[in-house]
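Trainee: Per TrEMBL, active site, tele-phosphohistidine intermediate is recorded for 189. Summarising the annotation, TrEMBL assigns active site, proton donor to 502. Feature annotation from TrEMBL assigns phosphoenolpyruvate binding site to 296, 332, 454, 455, 465. The annotation Mg(2+) binding site is assigned in TrEMBL to 431, 455. Per TrEMBL, domain 'Phosphotransferase system enzyme I N-terminal' is recorded for 5-124. According to TrEMBL, the domain 'PEP-utilising enzyme mobile' annotation covers 157-225. What TrEMBL records for 253-541 is domain 'PEP-utilising enzyme C-terminal'.
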């Protein structure tokens with residue numbers, strides 16, 4: 001038995017046989033040609049065929065997942081018709097008089113090399129997209145899961161350096177139980193699709209499995225990130241039991257669907273979901289969230305060459321509201337900078353970006369970009385219950401300036417006779433010590449607070465959560481953090497506004513009783529934790545132990 005450790009992208013346990021895909025991009029034969037026009041015509045025919053394949057993938061992915069997940073195949077179609085991409089290929093065919101397959105290979109290799117050398121995970125993850133396009137154009141795209149002969153109805157774990165989006169989108173779940181990549185990025189389109197399809201996935205193994213491992217038994221533990229090759233009987237039994245317990249626990253939690261988040265003595269709390277894309281809405285519904293407590297709108301701005309239009313944003317927000325129906329959706333306005341870079345914003349390189357030019361600071365200087373987003377949100381407001389959450393507010397002046405821009409947006413919509421709701425709540429993220437200590441002042445200007453415990457911890461403890469050297473000092477349960485939360489809750493309730501928690505702390509079962517003791521109104525977390533926290537809430541009797549609980553955490 002061999003055990004490897006990778007990075008878990010999709011939780012779950014997968015049993016099966018190893019099926020190794022050895023080559024991502026095959027080198028075609030290089031041939032000299034005599035008829036250039038004929039070769040160009042062959043290339044154009046291949047382009048057309050590729051577009052048809054991509055259209056099929058687009059439609060089937062919408063059916064299996066959603067439109068947002070399928071959009072990658074529309075982007076692939078755009079790349080195939082990109083003027084620069086096509087001209088590079090045609091120039092090679094004309095100048096070197098070689099077959100179009102080899103010309104496509106040379107151009108794609110150039111793009112792959114360029115993306116691979118960039119020190120940017122989001123851009124680097126586009127390599128698999130170029131490989132996908134290459135395979136399609138030269139009619140070499142392989143659907144592993146369907147081509148595999150499987151007379152014994154075995155399950156397979158697909159193994160490769162990296163998989164392309166089309167390979168993941170066409171996986172047959174009746175055959176494939178899991179995905180293993182030697183490298184990869186959790187931000188890649190392949191991983192995003194794996195998450196949407198809920199296929200146990202581990203990446204960044206750091207080891208390359210040789211072909212001799214083909215058909216060996218394998219188990220992926222997507223909870224720990226461990227990979228077991230030719231597992232012994234003890235490991236098989238233990239992991240089988242773990243899978244059974246997971247299934248049993250899942251069944252138990254399913255019984256809590258449509259139940260209230262209420263303590264034994266009648267105290268209620270809302271439990272909502274954090275999402276970063278429309279693709280996650282299925283999980284929100286499956287886990288019976290009370291609403292969307294944090295919609296990270298920056299996903300609309302990432303992995304693209306230009307700003308999203310008002311119409312595109314409007315359609316996205318409208319879709320979320322229609323799917324969530326009568327539940328509240330809180331849109332956090334654009335929060336880029338720090339760890340989220342967007343090329344076309346031309347942001348300056350900073351030594352300490354987490355404390356630099358980000359979030360509302362960018363929006364207040366780029367008011368047209370900000371207004372475009374606000375217009376889209378207000379236009380969508382007539383389709384459901386929507387709220388606006390402003391990140392990184394540290395002063396009353398910033399908030400007043402933000403509210404002034406909001407009024408300008410509303411006035412503009414009225415002048416254009418565009419309908420919107422006047423009942424859009426406005427909230428601010430409390431994620432800096434500055435915001436904590438003026439929360440009594442801010443509370444008079446807004447409808448709610450959302451306490452962002454991740455950044456609040458980082459800024460309060462002066463600990464960079466990305467720095468492995470001091471990661472042990474990043475303690476979200478530090479008494480300073482918990483006391484700050486108490487102060488914010490007190491100031492919110494004194495001013496008759498509600499307050500929620502978002503960040504890692506919200507889903508920490510060990511703190512559920514503390515949040516209830518503080519009379520927190522809402523917890524917002526990743527969808528898979530919602531039913532777990534509901535279960536915890538329903539087990540607690542809070543009134544008889546409120547003082548003891550507060551003393552336990554705060555003194």
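Cβ coordinates are placed from backbone N, Cα and C, and glycine is handled just like the others.
Automatic, uncurated: that is what TrEMBL annotation is.
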Trainee: Compute the C-alpha separation of residue 455 (phosphoenolpyruvate binding site) from residue 431 (Mg(2+) binding site), stating it in Å without decimals.
Mentor: 6
Trainee: Around residue 332 (phosphoenolpyruvate binding site), how many other C-beta atoms are within 10 angstroms of its C-beta?
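Mentor: The answer is 23.
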Trainee: Between residue 431 (Mg(2+) binding site) and residue 454 (phosphoenolpyruvate binding site), what is the CA-CA distance rounded to a whole number of Å?
Mentor: 8
Trainee: I'd like to know which of these binding-site residues, 431, 455, is least surrounded, judged by other CB atoms within 10 A.
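Mentor: Checked 431, 455; of these binding-site residues, fewest Cβ neighbours within 10 Å: 455.
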Trainee: Would you list the DSSP helix, strand and coil counts for the residues of the domain 'Phosphotransferase system enzyme I N-terminal' (5-124)?
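Mentor: DSSP classes over the domain 'Phosphotransferase system enzyme I N-terminal' (5-124) add up to 79 helix, 15 strand, 26 coil.
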Trainee: Per DSSP, to which secondary structure element type does residue 502 (active site, proton donor) belong, with helix, strand and coil as the options?
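Mentor: It is in a strand.
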Trainee: 10 Å Cβ neighbour count around residue 189 (active site, tele-phosphohistidine intermediate)?
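Mentor: Taking every protein chain into account, the count is 26.
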Trainee: Cα of residue 189 (active site, tele-phosphohistidine intermediate) to Cα of residue 296 (phosphoenolpyruvate binding site): how many Å, rounded?
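Mentor: Residue 296 (phosphoenolpyruvate binding site) has its Cα 18 Å from the Cα of residue 189 (active site, tele-phosphohistidine intermediate).
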Trainee: Just the number: how many Å between the Cα atoms of residue 296 (phosphoenolpyruvate binding site) and residue 502 (active site, proton donor)?
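Mentor: So the Cα of residue 502 (active site, proton donor) lies 12 Å away from that of residue 296 (phosphoenolpyruvate binding site).
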Trainee: Mind telling me which of the recorded positions 296, 454, 502 has the densest Cβ neighbourhood, counting other Cβ atoms within 10 Å?
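Mentor: The residue with the most neighbouring Cβ atoms within 10 Å is 502.
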